[in-house]
Amino acid sequence: MRRRETTPFSRIMGNTSIIIAGRILNAVCSFIFIPWTVQSIGLTAFGQFLLVTAYVILVSDITHLQSWQPLLHYGSAPFRAGEERKFHTVLAFCIRADFLSGFVGMVVGLGGIALFGTLLGWPPSLRPLAACCALTILFMNTGWSVGVMRLLNMFRLSTMVECTGTCVRTLGCFIGYYYHLSMGYFLAVWSMTQLALFICYTGAGLVLIHRAMRTPFPWKELFLPSERIHGIWRFTLGTSVSQILDSCFKQASTLLVGASLGAADAAIFRVANQITSALARPATLLIPSLYPEFIRLRDSEDWPAFRRTVLHIMRTIGLVSVVALVVSFTLGEHILTYMLHHPCPGGAMIMGILTISALLDIAITPLEPLLTVLGNVSYVLRAKGVALVLYAPALAGLTYAMGVNGSAIASVLASSIMFILCARKAARVFAHTRALARQTTPTPTPPTA
């Protein structure tokens, strides 16, 4: 029987639905293990727990090279063409990047705790726990295996791995809740979750490569590269710095709120941010599915299909935004109070402001992959740099003047700046793709407006 032909949009939505299914399980479990943690160790200790994990994630993100992106960008064409030696060269580069950046991240994390622990407002008893937790940065980078799964369209397997990590954390938190264990135990559970994810992702990636390739992977390629890939370092550093700026928006704000207002307010801000981000998550989960399809459309120079796919995505994101807005304004404060098991009188205001920021982030979702795939990585990087430069003083000033509400308003400001800059550039690129779609010439050049 003839297989039904699928469109890029249908493949994007199909893969995204698989990812969403896994994230729904994670969201449901977070409604369980976060209250368990708060009830076991108290709101202030939970705030300290969040400060430590936010610090570890921040250091991991700012030192992590986004190896899955060069794997897709440089490895897709040789993989489809059966050029296994060239693909192995790209894969070896990505594996090297993960392990080197993981080691650098661990060293930076330990050094940062020793030098800046006092500046962050951490009590002396918290710093040894944070140092132990920072050791996990060594194995938090799984970019190459994630890239292999996306290249092979194995989104279901990736979701299963994420669910494994969620189950490990939920089980560990239940044990801690049942026996009323300390914050150190819950930090250990978080670290073991990262280790479980690393083992599962790495094992799955090795199995997939073994099955997909006719020739075995040359392990000496990791230490003695046989050839140089032109432009791969520039592309990797560009996309990685872009991710670093994203992490600064997400994690550094929690650390600053904690240093300025205390651990309890940091917990309220972080959990409120997580709730609004979860409402926007169905849209942001499009990103892993967008890159492979956008790269295929770019390589085939099918600009009409490219434009149709982007328009479909924008309409879908619009519907998600309406749902997120309604849920946040009607149930947001109740969800925040339930998660923290602590009354939050200004919760509705915080949730409303952060929801506006989340909706702006939703609107940016298809724009960044579009600009990246079509050769505008440097512009995305500059836009994030401008937004961060303006965000940092606004966050400090508004937090000092207005407390947690001021921190939320600063998030809206940063998201607005990023959206305006990306939308302006995307409109120019989009106009170029429309012109190419109308051309009858069989070999148009990709747009780099």
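Every residue gets a Cβ built from N, Cα and C, even glycine.
Now, the feature entries from TrEMBL:
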- 12-34: transmembrane segment (TRANSMEM)
- 40-59: transmembrane segment (TRANSMEM)
- 99-122: transmembrane segment (TRANSMEM)
- 128-152: transmembrane segment (TRANSMEM)
- 159-179: transmembrane segment (TRANSMEM)
- 185-209: transmembrane segment (TRANSMEM)
- 317-340: transmembrane segment (TRANSMEM)
- 346-367: transmembrane segment (TRANSMEM)
- 379-402: transmembrane segment (TRANSMEM)
- 408-427: transmembrane segment (TRANSMEM)
Residues of the parent chain within Cβ reach of the transmembrane segment (379-402), under 8 Å, 6 or more residues beyond its termini: 238, 241-242, 245-246, 248-249, 253, 256-257, 260-261, 368, 371-372, 409-411, 413-414, 417-418, 421-422, 425
Closest-packing stretch to the transmembrane segment (40-59), where packing means Cβ pairs under 8 Å, from 128-152, 185-209, 346-367, 408-427: 128-152
Remote residues contacting the transmembrane segment (128-152) - C-beta distance under 8 A, at least 6 residues beyond either end: 52-53, 55-56, 59-60, 63-69, 71-72, 75-76, 79, 91, 94-95, 97-99, 101-103, 105-106, 109-110, 113-114, 117, 122, 158, 183-184, 187-188, 190-191, 194-195, 197-198, 201-202, 204-206, 208-209, 212, 288, 291-292
Selection from 185-209, 317-340, 346-367, the stretch that has most Cβ pairs under 8 A to the transmembrane segment (408-427): 346-367
The transmembrane segment (317-340) in contact with the transmembrane segment (185-209), cutoff 8 A, at least 3 CB pairs, sep 6+: no
